[in-house]
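A.B. asks: Provided herewith is a single structure, encoded as structure tokens, for subsequent inquiry.
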Amino acid sequence: MSVRPYRDIYRRPSRRIMVGEVPVGGDAPVTVQTMTNTLTADAAATIAQIRRCEIAGADIVRVSCPDAESTEALRHIVPEVTVPIVADIHFHYKRAIEAAEAGAACLRINPGNIGSAERVREVVRAAKDYGCSMRIGVNAGSLEKHLLEKYGEPCPEAMVESALEHARILEDNDFREFKISVKASDVFLAAAAYQQLAEACDYPLHLGVTEAGGLRAGTIKSSLGIGSLLWAGIGDTLRVSLSAEPEEEVRVGFDILKSLNLRHRGVNVISCPSCARQQFDVIETVKVLEDRLSHITTPMTVSVIGCVVNGPGEARETDIGFTGGGKGTHQVYIAGQPAHRLKDRDIVDHLVELVEAKAAEIEAEKAAAEETGGPKTQAADAAE
Ligand code: SF4
């Protein structure tokens, strides 16, 4: 029994597959994916975008492979990046085989869409030969005709049936290294489809609310859809689909996981909305601070609170706390305890210094623990 059982999430048991060197499913951490929006055939631009996604924390990146130029470009892209690459294939089975040969770690392909049984066998053979996993990606907007006729409209049952039909084709080819997604732009439909699929199989699930919208609306929709599923223990990897740059998708994905305590990466800033009691400009301070701390990957919590109403209480639970005080004299907390006061100094500069020092300390402890094989400190243990 944990100390705070109301925070516990019991993840659905799922089989574990590998996407390159990244495990998905089983007891592996929930991974964050995104997708490039450069022309894949433009290898230099695609590599640059993937690297930006890596810096933002992406575990896995997907690229579209609509033509042979794209799969050819994969040969140049894969060796230049560290994250495993998923090749997004729609109907052309040859692109799947080329992508496997070119170093893709995973193929996003629906085997029911690529034609004959022989073509499926060829794709599976290539996946096995080159160590690729697959993702079956069902989308409410492109359900098979026979299922739309059977069910009348896209519904959770039709989506699950579609997913299981594709899964059966791979199983019949003795291939089980795949994950499944059942995405819809409607949050209710996506969530219900995932819930039903979670009951129907033990394959790892790739979560997503598709075509979710721009940064703000899409973040809210995704947080509700993906967040409610994760909270219920469903989901092994996720992609937040936004009409925004892929790095933003990665940041939102991590923020969803951080909110549910499922992953810890970088600084989790706890800040108040501010009001007439604030003793400094909370909104501007947090805006600049989040930006200045975006390079920190060490898991850490920082509270930035406008006044003593909530400041000391929030600081108690954080690595570094900051509370606005009267006459421009603010209170700094370290590890929940009052440490020193700050007056006539730039708040952001001071907090950045403290966070960087704390991050260095945690990383050093982690490295020392790894070297000696000894016990990690609690802080070091909080890493992903
Ligand atoms: S902590 Fe203080 S400044 Fe912030 S919202 Fe509450 S009362 Fe206002």
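For all residues, glycine too, the Cβ spot is worked out from N, Cα and C.
Please treat TrEMBL annotations as automatic predictions, because they have not gone through curation.
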A.B. asks: Under TrEMBL, the annotation region 'Disordered' belongs to which of these stretches: 245-264, 325-344, 365-384?
C.D. replies: 365-384
A.B. asks: Around C275 ([4Fe-4S] cluster binding site), how many other CB atoms lie within 10 A of its CB?
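C.D. replies: Summing over all protein chains shown, C275 ([4Fe-4S] cluster binding site) has 10 other Cβ atoms within 10 Å.
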A.B. asks: Report the residues of the chain - excluding C272, C275, C307, E314 - with C-beta within 8 Å of the mean position of the site's C-beta atoms, for the recorded [4Fe-4S] cluster site, in sequence order.
C.D. replies: P273, S274, R277, Q278, V282, I305, G306, V309, N310, G311, G324
A.B. asks: Relative to the Cβ of E314 ([4Fe-4S] cluster binding site), which residues of the same chain, six or more apart in sequence, are found under 8 Å away?
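C.D. replies: In sequence order, I270, C272, S303, I305, G321, T323 meet the Cβ cut-off.
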A.B. asks: What residues, ordered by sequence, lie under 8 A Cβ-to-Cβ from C307 ([4Fe-4S] cluster binding site) and sit at least six positions away in the same chain?
C.D. replies: R277, Q278, Q279, T323, G324, G325
